[in-house]
2 protein chains.
Amino acid sequence: MEELDYLAGERKRAEFDVDAMKIVWAGSRHAFEVSDRMSRLVASDPVFRKDNRPMLSRKDLFKNTLHKAAHAWKRIIELRLSEEEAVALRHYVDEPAFTDLHWGMFVPSIKGQGTDEQQKKWLPLAYKMQIIGCYAQTELGHGSNVQGLETTATFDPDTDEFIINSPTLSSSKWWPGGLGKVSTHTVAYARLIVDGKEHGVHGFIVQLRSLDDHQPLPGITVADIGMKFGNGAYNTMDNGVLRFDHVRIPRDQMLMRVLQVTREGKVVQSNVPRQLVYGTMVFVRKSIVSDASTALSRAVCIATRYSAVRRQFGSQNGGPETQVIDYKTQQNRLFPLLASAYAFRFVGEWLSWLYIDVTQRLQAGDFSTLPEAHACTAGLKSVTTSVTTDGIEECRKLCGGHGYLCSSGLPELFAVYAPTCTYEGDNVVLLLQACVARFLMKTVSQLGSGKQPVGTTAYMARADHLMHCHCSAQRAEDWLKPNVILEAFEARSLRMSVACAQKLSKFSDPEEGFAELAAYLAEASVAHCQLIIVSKFIEKLQQDIPGEGVKKQLEILCNIYALALLHKHQGDFLSTGSISSKQVSLANDQLRSLYTQVRPNAIALVDAFNYTDHYLGSILGRYDGNVYPKLYEEALKDPLNDSVVPDGYREYIRPLLKQQLRSARL
Amino acid sequence: MEELDYLAGERKRAEFDVDAMKIVWAGSRHAFEVSDRMSRLVASDPVFRKDNRPMLSRKDLFKNTLHKAAHAWKRIIELRLSEEEAVALRHYVDEPAFTDLHWGMFVPSIKGQGTDEQQKKWLPLAYKMQIIGCYAQTELGHGSNVQGLETTATFDPDTDEFIINSPTLSSSKWWPGGLGKVSTHTVAYARLIVDGKEHGVHGFIVQLRSLDDHQPLPGITVADIGMKFGNGAYNTMDNGVLRFDHVRIPRDQMLMRVLQVTREGKVVQSNVPRQLVYGTMVFVRKSIVSDASTALSRAVCIATRYSAVRRQFGSQNGGPETQVIDYKTQQNRLFPLLASAYAFRFVGEWLSWLYIDVTQRLQAGDFSTLPEAHACTAGLKSVTTSVTTDGIEECRKLCGGHGYLCSSGLPELFAVYAPTCTYEGDNVVLLLQACVARFLMKTVSQLGSGKQPVGTTAYMARADHLMHCHCSAQRAEDWLKPNVILEAFEARSLRMSVACAQKLSKFSDPEEGFAELAAYLAEASVAHCQLIIVSKFIEKLQQDIPGEGVKKQLEILCNIYALALLHKHQGDFLSTGSISSKQVSLANDQLRSLYTQVRPNAIALVDAFNYTDHYLGSILGRYDGNVYPKLYEEALKDPLNDSVVPDGYREYIRPLLKQQLRSARL
């Protein structure tokens, strides 16, 4: 059989070294090799098949996930995979499962919040999966506000135990993944009560199910919370509900690295700084930013390839119609998303560096950069996941009608990604109460005080200049200069923050002002985060990047990212006087010309993600572009096509056609 | 049992007559009564239950839909319902089914394109459902571009038949609802070929399945195209694929109202004007705009009620937390959507008037208003459905984590609504090639010529003023004046169109200019459509509206609609110089104050939609606000909760925990 590649012509047009770009995307040659090897391993193993997911009932779907998780573990052991390889393998299995929570939340919680002794006891069990754990924080009535949790952990000095209890319906733990059907243990968060006095919310290791027969232990009520958005998607996960009826656990199952309760019932702060907790949040959120670039790049890969396959309109004299990727409207929606995928990749890379930096400083007792790092990761989490969610849906629309079929892969990608905007901090809350806006307002208020703004807010030190500067762009080409772009984004961000601070200062009660101005504070926060992403992309381009034409392509993408943002948010730039209407128009002209430059490289730029057809899970995004015959094949697999005449014909269609409805019982 | 109403306090705060608002929303007392009666009829009938949809397998789901369709037909006959009542009943059954296509596309196609004789033959059969029809236009390789269809209908003078054929894979009919498993007949669109010559694309009535045993007729290959986005949602519909292998049909099954093929093989244009077809498009698109207001209002109703139930943060001294509807960020996202639902309602009402007007003119041979009506309905279809799709998803996010549960109703509402952006004209295509942009450019180009712009473009006659006027708003309150708002929207829209026209004029090939400037043309089209919606809302308020406080509330909503748009698109207003930065800021101040005014009325404003809990299909949107106990109850119904220990425990979890994986076969 000869191999067809309908996109071969597109691939030949690329003006850069795709293999070199693959290394840039992966982060290093080593990272590329691990990811390449693991993705192929998964793709070639029939147990990891996932194209049938949308057709499976909830029970079959879930059982299938259990099978995959067990099989993955077996392969990890058989092949003696390293931790890095095991993580990659689980990633390419590409199916939410209890193992995500076990490895991603349960183990890190014990490592981060457990004493050395507790780590020594619990981690080996968890590492071998002799116990399976989850993370029980949110409750039916309480989400983002951890301090509002109602579950209690009351110390009983008589027995040296804690009594874990769910006092109300709304205190039921609700949402934890892996809880509903699988986990044997959990870290449960509860209000610590000792001698009638409250001591805030802390984590407790609680066993949920018997290790013999998997039955819930006495006092534990546990179940799955039911179907969630989409076909397949997160329905492979047993998100659960959990109620405690005065469940007793030994005192040493409270995670006591920061706060300890002694045998005598004394509550003692340890000498481990509380700020360590924020280190974990920086870690989790940096991973979410990396995942955003991955999810967005998958959607973009599908939409880009299909846009080159699909033809519509523009036929002249009976010739073939125009490839939809050649339409400016398509480019105008697609290419900024392609650029965003790369931009998020590089800001994620930088966050990994930031996490290492913060960790090293924490270990040296230096907490000075922590608030800025915390605000910045929270903001980037919010901005990148919102753009990614909307971007996946936009890619689906860019595929026209066929994007609506499950076999396009896009519905499931959207449904499985959507909760990211809510979990680990609701995106809107993150921009405001929690982090970014407050940090920005504080920074602005201290500008005159001699205290130097640090990290990503360092530009604010140049407030005198940025408040009054005029953008120097006079021709469209000027918008290719990194310093012109940077200054425009800096001026816009600073001026929006300063405007908010001025409005805030008119309120006698700052909290009231914060509440009233929330929408504008959120916009100022977004502007700041977009500046970070633009500036980290520009910094990346200042590095040495090997490979023919690679840097040139990245420069084009960087400019598209910045100028498309400028177009979308021109209201901000204009209302702050950061640039003029004429300059907006020049930037738009430049943007159109950049689209023309990226067009011949588009397919190669998504090939650089190095995704297997298995991982993409999309007929429309197939590497070989052989879309239509495969869509047809896939359709015939639907259970509804098991018979030509459908179930229900005799009962419901025939009586209709034969006008027997009056007498028929329905 | 006493009845609880957790939202009773909210309802008491309303400052207007909710019953009177219900009449306004429904359009008339009569329309309210029909819709109220039919929605209750459906809600009280257990056959029409829909809460189990997400848990059903595709086959069971589809069979259930057949059951409901047959039952609905039975009830319609038993109760001798009028056509209006039958339409309402089917609407409240709220489940996509083959009947949508039978009544919504098959019957209207025959009415619109069939000769009197053809109507006399086919319509009685269709009205009694002795045949069931669908509408086969789009093909696997061809969507919006009808002229690109490949299916052929070749006249055979020897037998007086047409031969319908699918010459390629990409010519397979793909997507038609009702085709996959149910329809006995279809109107198929194909290129008419007579004596070797092509005569464009026309409709042909083709029988697909035997009326005896429902088997496909010879030469017909038909199947379902497989799973689509979401749980339940459009998976109740048998969207199908259809291939013709030289299928012969009698000559009189070509729909010949406009073009006829005679026994001798002559192709004759009838004296019925071709423009009649556009009348049908106006009808279909006006219905889509009304449906947009319905879909958006459902999502807004759910999010508004739940925002009043949900509390988060802001607890002081252990008191209850703050209702999330009291947060400005929530109001800033929710209230513009509430206002949009009302705005779309009224523009839909106006479109119904427009349709009647156009129809009467067509019958009188007056085609002068048709291009404008066609452009305007296409544009409004595009704008309202895009906002609605995004708005439903925004409402889901406004419900936090719980919005992700199927029991919130929002995932299915989104998934079932999403294709609206693509079908009946892709939204982006509609703004450009098809209609709005071209019409605007033509209107602008004729401004100096003495030809008066008509209908919704009439304001362009005041170009001299609008190109140079300065917005008069000097205080926040000025933004409550309808003429201030209108002029700002008119100036923005006109100036954007004129700017596009100027850019276009620089291209020697106008088509190349159109392609290159597509993104800006689309933005100018959106600006024009938003102006139409704003102006129709303002016109509505100039009517007499009975009911205490009703008009006042609508005025508030109208202002929120306009000022929220102004905020979102401030870049347009600023870059065209239609208003100043200072005026943007004043408009924002006014907007915040409007949010405060609408807040106490929010629950009553969504009660005015008069939706039953059955129709809403959402635990979060329950009328009584009793959310948490019901979420818990609903969760326990998931099939995964049939057993405490899940299927697959013995095979996949136990071996993991017991470290038996090395030996176990997985």
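Cβ coordinates come from backbone N, Cα and C, glycine included.
These features come from TrEMBL:
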DOMAIN    B:17-132  domain 'Acyl-coenzyme A oxidase N-terminal'
DOMAIN    B:134-236  domain 'Acyl-CoA oxidase/dehydrogenase middle'
BINDING   B:Thr138, B:Gly177  FAD binding site
DOMAIN    B:278-441  domain 'Acyl-CoA oxidase C-alpha1'
ACT_SITE  B:Glu424  active site, proton acceptor
DOMAIN    B:482-658  domain 'Acyl-CoA oxidase C-terminal'
Would you mind pulling the DSSP three-state label for B:Thr138 (FAD binding site)? coil
Please report the distance from the Cα of B:Gly177 (FAD binding site) to the Cα of the residue listed as 'active site, proton acceptor', rounded to the nearest angstrom. 13
Report, as a single number, how many Cβ atoms besides its own are within 10 Å of the Cβ of B:Glu424 (active site, proton acceptor). 18
Looking only at the domain 'Acyl-coenzyme A oxidase N-terminal' (B:17-132), report the model's average pLDDT. 96
In sequence order, which same-chain residues at least six apart have a C-beta under 8 angstroms from B:Thr138 (FAD binding site)? B:Lys173, B:Trp174, B:Trp175, B:Pro176
Across every protein chain in view, the count of C-beta atoms other than its own within 10 A of the C-beta of B:Gly177 (FAD binding site) is 25
Please count the residues of the domain 'Acyl-coenzyme A oxidase N-terminal' (B:17-132) that DSSP assigns to helix (H, G, I), strand (E, B) and coil. 90 helix, 0 strand, 26 coil
Go through the recorded positions B:Thr138, B:Gly177, B:Glu424 one by one and keep only those whose Cβ is less than 8 Å from a Cβ of chain A; report them in sequence order, or 'none'. B:Thr138
